Amino acid sequence: MTKFWTLFRELFKQKSKPAYIVFLIQVAVALVTLFITATTTPNFKSAQMFGNKIPWLPAWILMYIVIFLMYSFIADFAYLLLTAWKNEKINCSQTWRLVPMSDGKIYLCNTLSSFCSFIYLVIMQSIVGLIGCLIAYASSNGIRKAIAYALHQEAVVDHWADVNIGDFLVLILFMILLGLFWYVIISFLHFTSRAIVDFLPMMSNKFIVFVIRAIVLIVIVYLVIWAMNMFGEIYSNPWFFKDSSFASSFMPETIELLIFDLIFGAANYALIDKFVEAKQNN
Amino acid sequence: MKDLLTIKDLSYKKNQKLILRDVNLSLKPGKIVALLGENGAGKTTLMRIIAGVAKNYKGSVTLKDTNDVAKRKSFLSFTDGLTGFSESTKIGDVVNFYVNIFNDFDENEFDELRKFMKLDPDMKLSQLSRGIREKLIIALNFARQADLYLLDEPFAGIDPMARKRIINSIILWKSEQSTILISDHFVDQIAALLDEVVVIKNNTVFAHKTADKIREEHKSIEEYYEGLYEGEDE
């Protein structure tokens, strides 16, 4: 029998390749954008921050980092789409389903490896941002002065004082559960429609499959809205979360997501174990 | 001798169409068994059910005394089209996958088979012709020390000369206790290897005989098999 982590490593290897490609494309597109901005913007070379003149190289690096991080939203979204598609391909691939492990565990491994590879991409993007900022900070007195000035501004200081580690952790947890929810819900849509299509009499033409997927999607959206309303009523009870901090006010949504992840994840586990066949590929 | 594989009262429908009905089959260890039948008879489906990749069947499949699908998968080796890999994957990377995933995969054995099949590990899957790809699949399968090999039309794209060489060598690649279930349309070419013949007809196991018995009663296995369908086209 194959160990869970052995399969996880193999799947992660498969998914980290597109992560590198997306990352490299992002690096290249940000460079091109910087070049276009630099050549088309007047006075680009004489950058200033809070009245402090900044040499052109650190200014370009900072500009590059800003552009690069802005493109992260598009790159991450594209990678989520790409891995969701790859996930479903693997879920129904005979090659992967022949791995000596239960189909439910293969599904879990597949979903977790997709999610971890997404986190890996985000980490790579963050490292580029961090290194760029450090280089810019180290190479320019103007930037150091500007940052020192910004940090001493009362508004900025107050803003940092408001940051709460609990809020930050809840937000991170929410983002993690949201990322998992994306993969779980796509698999649920795929598995339920596949199970229905396989059951119906000779109805495997593309239009019928499309109609069934649309119906399943509508049912899922309806169920999620219904469940959210139900949870909303529970949380509106005065004894629930009296504290008005960000963490407390955001906690209901986080718990909702956790419950959705567990319910749909468990349903996917059962569906793939009992109903969803691997595609024939000889 | 104890059965290696036991299938009891197996029925399978897909899209409400009956594909297999009341299949009962037992295979002993150490045999080479042909699974014969027309196109669409259900040979591949039967193999997929045994391999654990087809679901929703009624009945039971027991391999080495276990019904557990995950354990079953660890005991058998099924010819797979390798479509789970991207076409840019090199043969060497596919081999690494097999080394990591299948505990019974023997890298030295694969190396021998690779040389025999004249496979270049640096070649990408996209560069392989159908025949070379089939050779790779056979090499990957027999590099595993499995109890049951399920070979679904393994020689379809291989040229006649290479096919003959591979068929003659199969007996050397399997261990004494392992069983091969092979479906192929080139009955005459695999006939010399066979210990038993299973025929799938009318959605079920129509016949299960020893090759010796067929040879006693008929001129050849091919003649026996063709005789089962005589007059049906008219």
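Every residue, even glycine, has its Cβ placed from backbone N, Cα and C.
According to TrEMBL, the transmembrane segment annotation covers A:20-39 (among others).
If you look up TrEMBL, you'll see A:59-85 (among others) marked as transmembrane segment. Counting only same-chain residues 6+ beyond the ends of the transmembrane segment (A:59-85), those with a CB under 8 A from a CB of the stretch are 15, 18-19, 22-23, 25-27, 29-31, 33-34, 37-38, 45, 47, 114, 117-118, 121-122, 125, 128-129, 132-133, 135-136, 139-140, 143, 179, 182-183, 186.
Annotated transmembrane segment per TrEMBL: A:106-137 (among others), in sequence order.
If you look up TrEMBL, you'll see A:168-186 (among others) marked as transmembrane segment.
The annotation transmembrane segment is assigned in TrEMBL to A:207-229 (among others). Through the fold, the transmembrane segment (A:207-229) approaches residues 185, 188-189, 192-193, 196-197, 200, 256, 259-260 of its own chain, all at least 6 residues removed from its boundaries and within a Cβ separation under 8 Å.
Beyond the transmembrane segment (A:249-272), the same-chain residues lying 6 or more positions past its ends with a Cβ under 8 Å from any Cβ of the stretch are 91, 103-104, 106-108, 111, 167, 170-171, 173-174, 177-178, 180-181, 184-185, 187-188, 191-192, 195, 224, 227-228, 231-232, 235, 240-241. The transmembrane segment annotation in TrEMBL covers A:249-272 (among others).
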